[in-house]
Amino acid sequence: MPPYNSINLHPSSFGPSDLSLHTYDVIFIGSGWPANVGAARVTQAGMKPVIVESELIGGDCPYWACIPSKALLRPGEALQDAKSVPGIAITNGLDADAVFRGRDSWTGDWDDQVLIPSIGGDDADFVRGHGKVVGVKKVRVENTNGESVTLEARQAVVICTGSEPVIPNIPGLADANPWIPRQATSTSQVPKNLVILGAGAVGCEMATIFANLGGKVSLISSTKELLPRTDPEAGALVRQSLVDLGVEMYLSAEVTGVQRKRDGTLEVQLKHGSVIHATEILISTGRRPRVKDIGLEQLGIAVNGSRIPVDESLCVGLESGEWLYAAGDVNGRAMMSHTAKYHARVVVNAIIARKTGAKPTITEWGSLSATADKYAVPQVVFTRPTVASVGLTRQAAEAAGRSFREVTAPLKTEGAELRAIGYKDGWAQWIVDAESGQLLGATFVGDDAADLLHASTVAIVGGLTIARLAHAIPSFPTMSEVYLNLIEAAGF
């Protein structure tokens, strides 16, 4: 894999002059999951979509985010799985070059011509360039060569431009040429000394990857514990695992300056006086919606780098009518790939419902409402142990003033131990409404815990009580018996 700065982000295909149409039923600005899923559903409804993309078609997920990061994580997971099973002799560790080559195959070597056939359905059109709303249902597209075209939508314009990393205002940081996740997921070199700034999902996953590949990693966070959006029990288990991998932890720490030396190395200064020496620094301190220069201001939408406000159907309220939507990260409701797919379904359902000009009824949990954003958003952090959660954590329930009961239990089951002798206990949690007994949230922390999550997601969406879940019998011997652990801990 060549360095990130040598990747061609603006191929010459699909230029504005290549379009045979200038009027479409739906225009998608951005080509990530909302456009991918949404355009396919638009064509299934007998309408014609066009997808506008300023960089590689497909968005961040297949090239820089979910796909390459999980491809880089999987070899380390498989190695640890094999080491834990008796009778399997492991003599070598990971081959970093082979791991990177495997990652490259998943990204199509950053050539979107390989992935385009799977994006947006068979009948979607594509155009490369920066898309900007210039009027009611009108979008101007201009590419890097100065070629432009103005497109018009019969029904709707959907903004799905995603999000971008937030670079902290730390003296010297911007001048030190820091990595953002794009460089981390596309590199083919393991930094000798990598400093990661931020201990959320991305920071912890990247620390896992590069520690597995033999690099020295230092993780810095202003928070007291890793994964601050989860309850601290989860972060503590991940922290101990990373420490066991050799990762150095600097928690409740503040970076006061960064300097790139003449020899290319870095010095990272901390407030308490420590200096960390590194070869690269990765910024993973959060993301913000990508809303710059897409025409929102002229529509009276003042975002200034913040999310685009939408209603429950993800429609942007405008005096000119209900024709503009914002889906995925750009609306800031739930910034994950799987919720972007969910948003696509809601948006297209809303577009179809409004096609006749009638004002549809939007109800909670109805097909025109992104209700799950408020109650049942799942997230998996693919560290080791894995952290899988949905709905409310204990901290979130307390912050919301909810009256709740917390149920905790070990994640370990006989099924888990059959998969890996000496399987660690892990940690499982339910957050239960104190009055109704309905499940409000669930967290599972342990190896291979990701696929345990969906049952709790379904239970929350379905409004199930713990008393009813006590009748859902987990099969033996499987990891799903963690549900039996929780049911027994709840007293049923």
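In case you wondered, yes, glycine gets a Cβ from its N, Cα and C as well.
Partner cysteine of C66, as given in TrEMBL, is C61 (from among C61, C160, disulfide bond).
When averaged over the domain 'FAD/NAD(P)-binding' (24-342), pLDDT in the model lands at 96. On a Cα basis, G286 (NAD(+) binding site) lies 10 Å away from S163 (FAD binding site). Counting only the Cα atoms, the space from C61 (disulfide bond) to G198 (NAD(+) binding site) is about 20 angstrom. Around the Cβ of C61 (disulfide bond), a 10 Å sphere holds 18 further Cβ atoms from the protein chains shown. Within 10 Å of C66 (disulfide bond), as judged by C-alpha distances, no binding-site residues are found among T161, G198, G200, C204, G286. When every Cα pair among G198, A199, G200, A201, V202, G203, C204, E205, G286 is compared, the largest distance found for this NAD(+) site is 14 Å. In the structure shown, across all protein chains, G198 is the one of the binding-site residues G198, G200, G286 with the greatest number of other Cβ atoms within 10 Å. Each of I196, M206, L227, S284 belongs to the same chain as G198, A199, G200, A201, V202, G203, C204, E205, G286, is absent from that list, and has a C-beta within 8 angstroms of the C-beta centroid marking the NAD(+) site.
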